[in-house]
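Below is one structure, written out as structure tokens; the observations come after it.
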Amino acid sequence: MWRCGGRQGLCVLRRLSGGHAHHRAWRWNSNRACERALQYKLGDKIHGFTVNQVTSVPELFLTAVKLTHDDTGARYLHLAREDTNNLFSVQFRTTPMDSTGVPHILEHTVLCGSQKYPCRDPFFKMLNRSLSTFMNAFTASDYTLYPFSTQNPKDFQNLLSVYLDATFFPCLRELDFWQEGWRLEHENPSDPQTPLVFKGVVFNEMKGAFTDNERIFSQHLQNRLLPDHTYSVVSGGDPLCIPELTWEQLKQFHATHYHPSNARFFTYGNFPLEQHLKQIHEEALSKFQKIEPSTVVPAQTPWDKPREFQITCGPDSFATDPSKQTTISVSFLLPDITDTFEAFTLSLLSSLLTSGPNSPFYKALIESGLGTDFSPDVGYNGYTREAYFSVGLQGIAEKDIETVRSLIDRTIDEVVEKGFEDDRIEALLHKIEIQMKHQSTSFGLMLTSYIASCWNHDGDPVELLKLGNQLAKFRQCLQENPKFLQEKVKQYFKNNQHKLTLSMRPDDKYHEKQAQVEATKLKQKVEALSPGDRQQIYEKGLELRSQQSKPQDASCLPALKVSDIEPTIPVTELDVVLTAGDIPVQYCAQPTNGMVYFRAFSSLNTLPEELRPYVPLFCSVLTKLGCGLLDYREQAQQIELKTGGMSASPHVLPDDSHMDTYEQGVLFSSLCLDRNLPDMMQLWSEIFNNPCFEEEEHFKVLVKMTAQELANGIPDSGHLYASIRAGRTLTPAGDLQETFSGMDQVRLMKRIAEMTDIKPILRKLPRIKKHLLNGDNMRCSVNATPQQMPQTEKAVEDFLRSIGRSKKERRPVRPHTVEKPVPSSSGGDAHVPHGSQVIRKLVMEPTFKPWQMKTHFLMPFPVNYVGECIRTVPYTDPDHASLKILARLMTAKFLHTEIREKGGAYGGGAKLSHNGIFTLYSYRDPNTIETLQSFGKAVDWAKSGKFTQQDIDEAKLSVFSTVDAPVAPSDKGMDHFLYGLSDEMKQAHREQLFAVSHDKLLAVSDRYLGTGKSTHGLAILGPENPKIAKDPSWIIQ
């Protein structure tokens, strides 16, 4: 996977927070792993390594142990923490000097087989032989990273063995280079009369990556700002340069870069360090001697005067104003990222300058009305040896470029003169405190990503983690010098000659020109071929296709057994209490480390149909327009000072036992430090009772930003949009899902953003509020520590008593609704007093008839996103478990080969969603009709039963790695709260998964997937297609 450096440019605040994944077993009452690690001493010799440093980092609840390998100089960092989700990564400094994508293609190819594991594609095969919680690889601008995580010690050793052998002893076969990188091959490999074309997984991945205008801008920004060395090229590969790479160059790059002396090893979690060191030394490092790698990235020579560049990109078919598609940014080179305190300071300074409606650049640029959103890579970017800061606007008219530049200069001058309000600095430091306390499930992955760039350039990763020290030093600097931050702005922005102004405008013929350049390159390559070369290409194509089609013997790979899977799920204890009369509140006591997580779910059943499309917009702006006596700026300030965020999002929740029944509503989510709980609940009270819908100008700004973000997200999420549309007509919930989250919503937001008079839309918001922001049809959930619960119950009760209730009961808009009690989650009524359980009010459509719809969304992309959906059965039906295993089996044993290896798409597969929709999909795919045919062949393959018990067991392991993914303390009990799933229901489903057999898989593949057995929906996002255009059964949009 390629990481465009600029796209990862998040400040320290976001890089350590870790998202909303799941976690399973946290034991914060014990710090055994940390205490064990503190027993190591400086100079200790362990399995060929020497301990260099042992440091406690209490703010992150971990102990850091730094080591060096004696014979090779390989560096090692172990972060001991009482977290069962253990992670390993190995990182190499990879510094390409051209845009052939050599580090990226190498990252793909090393995972295709190694000396100890010579079978083809051990990486993808291990996905099905492991209970890993994460497995992947990333190519950044100047390093390549190979991480995995798992909760199982035996699994950790298995995966470590595969990763070590892959990275240090790969086969690097020529056919694997052809498949993963690029090749010349006949359009139909078995027919030498068909034309020769470029193929390859990375080739197509990068063609897809550069359909994204933000990516194009980010890449050029880095290339132009840092032009002297490796940052001047595209590490992932420019599709027009990739065909210049040879197999010999690939092998040479591995020999010079993938050596222990150029490696950094990282482990995290509660598994013992000694076992890791022993295995790494014995299986890999003992076979090498130290070398001096010549991979150091030199400092960029500073400029003596600013520079300007103009570039072009493809048109945005979702632009709210076709005459406003220009992007401009001004960027400044900053100091070396290994100066950790300066990097920390500039990261915070960046947030003060650009984050939220109170920031100077938001006021000057976003609220100017000149553009739709900040330019890509806005803020601090610390992923290159020297960091950079960038700010600008996208969605502007070309004539406004100079205006934006002068606004940026003027804003810098104003900040130098006036500085920042104390409250904004406090809000920022409060945010860091929250993110140090918030426990994510993928914390090891967050940490390895956070330290990767600094460590890559020989900075001290442990110093980077000591956020407490840096915060204290930051406060001290501010105290000693109130103009500390203003002086930094003056030094790095006002007086900095290393300043780049980059502008990008659309060219209607951009993709056409790219295609012409590719065609010219192809023509040159083909014309240079001798008859012998052509014959060899044809034979190699047949050989590759033959190899891809052969059954693979993966017996050399280590594997867990189904018996290694835990037979039962851990019990989650919940209390449900009726509060303020009849509102159920679910309390889940968890080790949340002084944090409180509050959520509320409010039904949309009484909302008139014509208002439903506007619910996502309502949710997006609800916490951003002001409330009570607070205007939107004051509200933003209070939210940052008192909470870790407050948000609302529309949800369509399937019923667990009926396909035509669902729940519709809005989920309100928030988190805070326990000391701020009354303030957070008071903010919710004001938002519910007195939201402000009068700020027309700010509403316009928010609408434009939302529309721009949706349009920008299509290239990365095209397969999801295709799948949502394909499932639209299969269930009643599918249509609502399309309205809330599909291409319909993208297009609606585009239309709203284009409106000259936005008042009619603004007037809809109070109407939605009447149906949504009250105590009718609401339920709440709280996750906090047991000690916090009494205070929490009082604050939640005060909030619920403060919000309005309808004077008379509103009737649901849909005539058929059913009240469904949610079963208690921990057996019987032990934790749920009689009459206190959650009642879900579901919408039922008894007369619904699914029907087939085929949609082709025309997009100016050179690749496609394909989705086919099939209606099957709900969660509690025993067949649901069999279909879940079947989807994994079809992906691993058939679709991966057909769609990725043979077809050249970046990704593809099958999945069964909780709502009973079975989806076949592809991602960044050069094909359409051929992919749909592959979906059909996959069904035929499943019905033929050509899979073994070993295949079924591997599919079960893969499914259970998802089912048993870790759940964070903040998210425990959410399945029960949102979906009504009790522990007993989940255990029953677990037993159904264990019981899936060959016969059951054959039965469900025939019963649901065969032609004419169930209703199918199809959708494609991509360029024009003559075959589809001629087929009247397709709707083209």
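Keep in mind that glycine also has a Cβ here, set from the backbone N, Cα and C atoms.
As written in Swiss-Prot, here are the features:
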- GLU107: active site, proton acceptor (ACT_SITE)
- GLU180: active site (ACT_SITE)
- HIS104, HIS108, GLU205: Zn(2+) binding site (BINDING)
- 804-814: compositional bias 'Basic residues' (COMPBIAS)
- LYS759: N6-acetyllysine (MOD_RES)
- LYS770: N6-succinyllysine (MOD_RES)
- LYS770: N6-acetyllysine (MOD_RES)
- LYS849: N6-succinyllysine (MOD_RES)
- LYS884: N6-acetyllysine (MOD_RES)
- LYS946: N6-succinyllysine (MOD_RES)
- 1-28: transit peptide (TRANSIT)
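Structural mapping of features recorded in Swiss-Prot.
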residue: HIS104; record: Zn(2+) binding site; Cβ neighbours (10 Å): 29
residue: GLU107; record: active site, proton acceptor; Cβ neighbours (10 Å): 26
residue: HIS108; record: Zn(2+) binding site; Cβ neighbours (10 Å): 23
residue: GLU180; record: active site; Cβ neighbours (10 Å): 27
residue: GLU205; record: Zn(2+) binding site; Cβ neighbours (10 Å): 27
residue: LYS759; record: N6-acetyllysine; Cβ neighbours (10 Å): 9
residue: LYS770; record: N6-succinyllysine; Cβ neighbours (10 Å): 14
residue: LYS849; record: N6-succinyllysine; Cβ neighbours (10 Å): 8
residue: LYS884; record: N6-acetyllysine; Cβ neighbours (10 Å): 27
residue: LYS946; record: N6-succinyllysine; Cβ neighbours (10 Å): 12
Alpha-carbon spacing, LYS946 (N6-succinyllysine) to LYS884 (N6-acetyllysine), which is rounded to whole Å: 18
Using Cα positions only, nearest of the recorded positions to GLU205 (Zn(2+) binding site) (GLU180, LYS770, LYS849, LYS884): GLU180
GLU180 (active site) - helix vs strand vs coil (DSSP): helix
Separation of alpha carbons, GLU180 (active site) and LYS884 (N6-acetyllysine) (Å): 29
Modified residues near HIS104 (Zn(2+) binding site) (Cα-Cα within 10 Å), from LYS759, LYS770, LYS849: none
Those modified residues, out of LYS759, LYS770, LYS849, that come within 10 angstroms of GLU107 (active site, proton acceptor) at the Cα: none
Which recorded positions sit within 10 Å of HIS108 (Zn(2+) binding site) - Cα, from GLU180, LYS759, LYS770, LYS849: GLU180
Cα separation, the residue listed as 'active site' to LYS759 (N6-acetyllysine) (Å, whole number): 52
